[in-house]
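What follows is a single structure, written as structure tokens, with notes after it.
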Amino acid sequence: MDTEGSVTRRSGAGWILPTGLLGTYGFFANLRPSEPFLTAYLLGPDKNLTERQVFNEIYPVWTYSYLVLLFPVFLATDYLRYKPVIVLQGMSLIATWIMLLYAQGTLAVQFLEFLYGISTASEVAYYSYIYSVVEPNLYQKVTSYCRMATLTGFTVGSVFGQILVSVANWSLFSLNVISLICVSIAFATSCFLPMPRKSLFFHKNSDYPSNKKLNISDTSQPKGINNGLLCATQAEEVEAHIPLNSAQLDIKNYLTDNSIGLKSVLKTLWKHFLHCYSSRTLICWSAWWAFSTCGYYQVINYSQGLWEKIAPSSHFHVYNGSVEAVSTLLGAIAVFAVGYMKISWSTWGELLLALFSVIIAIAVYVMDITGNIWICYMSYVFFRSMYMILITIATFQIATNLSMECYALVFGVNTFVALILQTFLTLIVVDSVGLGLDIFTQFLVYGGYFAAIAFIFFVSGLGNLRNKCQRKPIALSIEMEKKISNGNSRVEEVSKIHTGRNICAL
């Protein structure tokens, strides 16, 4: 009774404080009115950098640092139990904007990009923290709140920055001062977050004694898992070991309340990796996610440079903040509408991915060839909205049959693969060490990149559809045989009944 009461209390009002603090942190950490005008700021009189320095020497540093830091930060996040890494992210944001205000020269701004890479890699702590301090039945609610906070912060920051630039005629330096104040508030908020007592891999199930047996009442579980009553957190622990391909996994290594060593964690991660990627469907959606995210990052990172070339901020009024806000808002609306789409994704998913990838490729190509900034803006909004729709569908399809441990691992692996692809793309296309292409040629490459993704998934989708069509007659024939067999059995049964009645009549 005490255990049930404590679980009830924790699943009650106990989630409000950490969710409120984390949401406040996410709002202010993304409330950066200067970000839509970063390229104009670096190319302007405050930094006086050249286009080649910004596009080919400075921006690629973020991609490289993000890739190098992602896996170590992922492990550190779990080992340190989230909060210290969130505090680190706040500190790195403060350092980034201090340097953005006062640093001069290419080398200093490159180091600034490295600091921002630390901040980006640390986002895994923000999106993982809340799952360690609330009960599983609240995951959907708190996730929506935290994501809404970040989107709201980004949208408000973009609109606020646009108003200050266009209406109040503030300098870009002043916008960066406001951004520094906002990220400082975020850092102060992070210090008040409650310290979790458990994590997914290094500190598992610390709230429950190790001699407590794990039981589950669902009779559909694999053999070796006893039936019985199970509390919410224990159910989450066991769920990770229900494989996608119905093969049984050994779960005894996971059931401990003590801290686990690095070697054991790596073994656990490898088992989860093999377990999750045994599904063709998951591999398909993960592949699209990794490939498209790579291209998405490239377009997002260098779109300001393209706008600056089409309509230089020194000669035209720029509306980057408004465009970012509108694209985020329309993307959020489109994502909401996805919840009402009823499509057989197992049958048509790959072909639809191919179709929408073609549309995305066309949008990027239009951004590249147009000389009208408004057409470029509209293509960008359309590009972001389409990507948000598809990435939401991919996220849902991947997460449908995954537990929290598998969820974190799969999305981490997909992001890591996307960063590897982005690193190669940046090194070859953008970096001055490679081809060092101009911004228009870069976007031509990105449009071709999405067209190649569309071709790959079109071929894969046709193959999948053909296999389903070939299997359908076989399935129908098997079903027909079952019905005929059942019908014959029924005839024999009726015949026996009538025979019995006739005998009784005699």
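Just so you know, glycine gets a Cβ as well, placed from its N, Cα and C.
Annotated features in TrEMBL:
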- 12-31: transmembrane segment (TRANSMEM)
- 58-77: transmembrane segment (TRANSMEM)
- 84-102: transmembrane segment (TRANSMEM)
- 114-134: transmembrane segment (TRANSMEM)
- 146-167: transmembrane segment (TRANSMEM)
- 173-195: transmembrane segment (TRANSMEM)
- 281-299: transmembrane segment (TRANSMEM)
- 319-340: transmembrane segment (TRANSMEM)
- 352-375: transmembrane segment (TRANSMEM)
- 381-399: transmembrane segment (TRANSMEM)
- 406-430: transmembrane segment (TRANSMEM)
- 442-462: transmembrane segment (TRANSMEM)
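At the 8 Å Cβ cutoff, the transmembrane segment (442-462) and the transmembrane segment (281-299) share at least 3 close pairs (sequence separation 6 or more) and count as touching. Under the criterion of 3 or more C-beta pairs below 8 Å, with sequence separation of 6 or more, the transmembrane segment (114-134) and the transmembrane segment (58-77) qualify as touching. In summary, the transmembrane segment (58-77) lies against the transmembrane segment (406-430): three or more C-beta pairs, each 6 or more positions apart in sequence, are under 8 Å. Ranked by the number of CB pairs under 8 Å to the transmembrane segment (84-102), the listed stretches 12-31, 146-167, 173-195, 381-399, 406-430 are led by 173-195. With Cβ pairs under 8 Å as the measure, the transmembrane segment (381-399) is packed most heavily against 281-299, out of 146-167, 173-195, 281-299, 406-430. In this chain, the transmembrane segment (281-299) lies close to the transmembrane segment (406-430): three or more C-beta pairs between them fall below 8 angstroms, excluding pairs fewer than 6 positions apart. Within its own chain, the transmembrane segment (173-195) has Cβ neighbours under 8 Å at 17-18, 21-22, 24-29, 31-35, 37, 41, 46, 81, 83, 86-87, 89-91, 93-94, 96-98, 100-101, 129, 133, 157, 160-161, 164-165, counting only residues six or more beyond its boundaries. Through the fold, the transmembrane segment (406-430) approaches residues 55-56, 59-60, 63-64, 66-67, 70-71, 74, 124, 128, 200, 240, 269, 272-273, 275-277, 282, 286, 289-291, 293-295, 297-298, 302, 395, 398-399, 436-437, 442, 445, 449 of its own chain, all at least 6 residues removed from its boundaries and within a Cβ separation under 8 Å.
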